[in-house]
Amino acid sequence: MSAQLQEAPRIRRMVPSDLEAVVTIEREVFLFPWTQGNFSDSLDAGYHCRVLEQDGHIFGYGVMTIGAEEAHLLTLSIAPESQGKGWGEKLLRHFIGIAREQLALTMFLDVRESNHAAARLYERLGFRQIGKRKDYYPAMGGREDSLVMELVL
Ligand SMILES: CC(C)(COP(=O)(O)OP(=O)(O)OC[C@H]1O[C@@H](n2cnc3c(N)ncnc32)[C@H](O)[C@@H]1OP(=O)(O)O)[C@@H](O)C(=O)NCCC(=O)NCCS
């Protein structure tokens, strides 16, 4: 019997051929998902787009913009079967590293008020709530506020 050697999971740049897998996860984890066009526009715009991959299988991704010394994390997702294993934290730390390398001074993100799991992760890495945007997100039967969070880099 031969043991199957698994490649170590890695974070790499997102490329157009990843988009189908990315959008499949996006639709599993969000009720109001980004479209494939949103992700390909992000790639075309030169945003910082990364995926988590193991043996050719994509199981997480994120998108961040940087400008005027501000980084904005636009989205971050881990496939349902891979959540709760530290991958969200690893990917977020990677984005914080990119923002620091690019000499951003602060990093911002919006999170749904009801998304306690994500807010806990952000707080664990030092993000603090600095405000709220009323009715920022679509929600079932209405809109939902976002919490605006900031990390001083
Ligand atoms: C929010 C999200 C990105 C977090 O990613 P994740 O990989 O599940 O996060 P982590 O595993 O790093 O941390 C989650 C929890 O698992 C725990 N954990 C981490 N590694 C662990 C391990 N090896 N064993 C057991 N628990 C572990 C963490 O302590 C953390 O606990 P908490 O719930 O008390 O905070 C992910 O759940 C997700 O994609 N959700 C849907 C999309 C979403 O909401 N995105 C954010 C939009 S703003």
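Glycine is no exception: its Cβ is also placed from the backbone N, Cα and C atoms.
TrEMBL annotations: computationally assigned, not manually curated.
Sequence annotations record features per position, and here TrEMBL assigns active site, proton donor to Tyr122. Neighbour density for Tyr122 (active site, proton donor): within 10 A of its CB lie 24 other CB atoms from the protein chains shown.
The secondary structure of Asn115 (acetyl-CoA binding site), as reduced to three states from DSSP, is coil rather than helix or strand. Within the same chain, no residue at least 6 positions away from Asn115 (acetyl-CoA binding site) has a Cβ under 8 Å from its Cβ. What TrEMBL records for Asn115 is acetyl-CoA binding site.
Here TrEMBL flags 9-153 as domain 'N-acetyltransferase'.
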